[in-house]
Amino acid sequence: MATPRGRTKKKASFDHSPDSLPLRSSGRQAKKKATETTDEDEDGGSEKKYRKCEKAGCTATCPVCFASASERCAKNGYTSRWYHLSCGEHFCNECFDHYYRSHKDGYDKYTTWKKIWTSNGKTEPSPKAFMADQQLPYWVQCTKPECRKWRQLTKEIQLTPQIAKTYRCGMKPNTAIKPETSDHCSLPEDLRVLEVSNHWWYSMLILPPLLKDSVAAPLLSAYYPDCVGMSPSCTSTNRAAATGNASPGKLEHSKAALSVHVPGMNRYFQPFYQPNECGKALCVRPDVMELDELYEFPEYSRDPTMYLALRNLILALWYTNCKEALTPQKCIPHIIVRGLVRIRCVQEVERILYFMTRKGLINTGVLSVGADQYLLPKDYHNKSVIIIGAGPAGLAAARQLHNFGIKVTVLEAKDRIGGRVWDDKSFKGVTVGRGAQIVNGCINNPVALMCEQLGISMHKFGERCDLIQEGGRITDPTIDKRMDFHFNALLDVVSEWRKDKTQLQDVPLGEKIEEIYKAFIKESGIQFSELEGQVLQFHLSNLEYACGSNLHQVSARSWDHNEFFAQFAGDHTLLTPGYSVIIEKLAEGLDIQLKSPVQCIDYSGDEVQVTTTDGTGYSAQKVLVTVPLALLQKGAIQFNPPLSEKKMKAINSLGAGIIEKIALQFPYRFWDSKVQGADFFGHVPPSASKRGLFAVFYDMDPQKKHSVLMSVIAGEAVASVRTLDDKQVLQQCMATLRELFKEQEVPDPTKYFVTRWSTDPWIQMAYSFVKTGGSGEAYDIIAEDIQGTVFFAGEATNRHFPQTVTGAYLSGVREASKIAAF
């Protein structure tokens, strides 16, 4: 059927909303119009033939061909068909033929591009895709603050980050300013630029933007580039080279792809899942929007390509340099894409970056910004917040909110910051944490991020841990492996048992393990030796250390509830300088009031009123409570109105776990000859009643120069030492060491400490656990805010990562995001 042709007087192109456009004519009407006589120009001259774009809703009344590839290019005149890429970008049928027809000069260029696209990409290598990827001109913004106009570059200029950073109106391809003529900035901006900002413009875009040479490309080499917002035509996105797969269009999921490492980037930074990978904490799918992203940016739900391109770019830029705040201005030069859509990308990157900043995905950690460099726009600055507690959770939230530009006051009951982080630097050459010091799983762990920001190195623990019996004999590794296997088998049976059990059917974990163990002995007829029984007790003591409680208080149904969520993978490390380095940096420049225990929180009025025990009053719009679970359970803070029954039930369904530590410095390293460079060694308990006493001894100096050991008291043993003074605990510890190294003389320590977390009035615990009859849901309930006014953070509010400094820190980041959004 013949294409309808319209003939009329040439008109200037100007802005239209699709809603104001006339209804489309039927084919018959269009054909009739094509035969109508032509009008004449106002000056009486002959009219110029032209054709409208046939894309419904396109505002271009007189399209102009951007390609100018064919000698017969229609330019702004008549063509038999316009090909629509966006409301301001079209190419004519003559230029289409130039590349698409095999007898034309441009055909070889098109087919070469098509082969590259097909071998790397997944989407169709259509002529429109070719034009968008290879022929559309680049747009760039003048960097003069008083100008900031968008200019279309000539075809021969390839946009680079350097050009984008330095471009001024009138700049030549060699980046030199044109000879003095007129002020190029005074020239008006192209009218099409204004259209790009309209909400409907993006919906009229035929193809989503695919970034060229994205910083994210090396991290995403195992993906089809066009599925993660990148152009398949760039060498940086050459998937075949990256995966060693030369087969066009096929994606090999090799094992090597699961551990992508980019030179110069911290090996613990792995922000993107690789194909077929799962279960890695703080990882995002580069080809899928997360639920909270869809909620924030619903306009990308149908085609998320632009969002993914910009989000992936932002994440890659952040992890390339996490020591400086990432701003829109730093991202924009790396947005390399042809066409007017680059303008839209630049506009959108600001929104996306602010969202990711608020969520704590970027611009987080110990990053500190000046008063004129707040990370969020002024709309967020009109809030005031009181934070109760200066531990990792409170300081994380305070640092985030302060960086956002929100007024924050921190009230801390103790005479120091850190909460359950407290480092002892009095040992010669070694820092020993009285609280946390070990990082379990470093990949994507925010602690690893903060260490990178501070230039701190962590010591990776080795795997070797010899189990030494009282009497000095090292346990045969085959016995250790056998009992480790049996221990894990017991826990596997517990996992099977709980699958169909409700909370009402819950039993203590210790009771269930004993029941399964006895049933196994009875059914199998296997008899374990006395030593094997003792080694099993060693593994049970480690489980009590992990839970922070004796196993007869822990839920068999929910003891490892967080394992159902992605956890931190990778190395287990010792933070040799201690967590206090991080804590002090988080606190830098914040308004922190020490010795200010809070007595009452009244949130019944328009503002929250907080009163300390000495009667001092503070008021703010929001309050964040980060005190330990034990203090909430004992009602250390009075709430008005009182906390709901649901929240109090959740608070009391968790246990306030407790462990204690002992550290000892010796005149020399007496253990070296037996331990042979291992980072720790185990103590096989002589009986079940002794199993929580000094189960593992840690060598606190990775350099093996200084002579400091640290051990832990867990389970029932915590209660047994509570009535002893420090010297008596030391005597028990030394008696154990002298049994383990019976063949040699063990010297008296020159210095030591014993922690007393259970009796610290403002702490009273180590970390939380789920009590029998409870569930992991309690963590979420405790974390719920009250009326958008009272918020809660701390390890006991983090269902995914409880019991850790990491979990506490992330809960503070989470609440800062919620507070900023209200």
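Even glycines carry a Cβ here, placed using N, Cα and C.
Sequence annotations record features per position, and here Swiss-Prot assigns phosphoserine to SER13 (among others).
Residues annotated as phosphoserine in Swiss-Prot, with a large-scale study or a structure entry given as evidence: SER17 (among others).
What Swiss-Prot records for SER26 (among others) is phosphoserine, and it gives a large-scale study or a structure entry as the kind of evidence.
If you look up Swiss-Prot, you'll see CYS65, CYS73, CYS92, CYS95 marked as Zn(2+) 2 binding site, on the strength of experimental evidence. For CYS95 (Zn(2+) 2 binding site), the Cβ neighbour count at a 10 Å cut-off comes to 27, with all displayed protein chains included.
The zinc finger feature in Swiss-Prot is assigned to 133-193; the stated evidence is sequence analysis.
Summarising the annotation, Swiss-Prot assigns phosphoserine to SER247 (among others) and lists a large-scale study or a structure entry as the type of evidence.
Residues annotated as region 'GLYR1-binding' in Swiss-Prot: 273-292 (among others). For the region 'GLYR1-binding' (273-292), the residues of the chain that approach it from at least six positions outside its boundaries are 216, 219-220, 222-223, 227-228, 251, 253, 257-260, 300-301, 304, 307-308, 311-312, 315, 359, 441, 443-446, 565-569, 800-801, judged by C-beta separation under 8 angstroms.
Proximity of VAL439 (FAD binding site) to non-local residues of its own chain (separation of 6 or more, Cβ distance below 8 Å) is seen for ASN445, VAL447, ALA448, MET458, HIS572, THR573, LEU574, LEU575, THR806, given in sequence order. Under the heading FAD binding site, Swiss-Prot lists 383-439, VAL598, GLU795, 803-805.
Taken from Swiss-Prot, the feature region 'GLYR1-binding' applies to 798-814 (among others). In the predicted model, the region 'GLYR1-binding' (798-814) shows an average pLDDT of 98.
Taking Cα separation as the measure, ASP423 (FAD binding site) is nearest to CYS65 of the binding-site residues CYS65, CYS73, CYS92, CYS95. In terms of DSSP secondary structure, the zinc finger (133-193) contains 15 helix, 8 strand, 38 coil.
Spatially, by CA atoms, the binding-site residues CYS65, CYS73, CYS92, CYS95 include one closest to LYS407 (FAD binding site), and that is CYS65. Sequence-distant contacts of GLY391 (FAD binding site), defined as residues of its own chain at least six apart whose C-beta falls under 8 angstroms from its C-beta, comprise ILE417, GLY418, GLY419, ARG420, VAL421, THR626, GLY794, ALA808. Rounded to a whole number, the C-alpha distance linking CYS73 (Zn(2+) 2 binding site) with LYS383 (FAD binding site) is 58 angstrom.
Around ASP415 (FAD binding site), the C-beta neighbours below 8 angstroms that are at least 6 residues distant in the chain are LEU594, LYS595.
For the binding-site residues ARG399, LYS407, counting C-beta atoms within 10 A of each C-beta gives the highest total at ARG399. For ARG399 (FAD binding site), the nearest of the binding-site residues CYS65, CYS92, CYS95 in terms of C-alpha separation is CYS65. DSSP states for the region 'GLYR1-binding' (273-292), grouped as helix (H, G, I), strand (E, B) and coil, give 2 helix, 2 strand, 16 coil.
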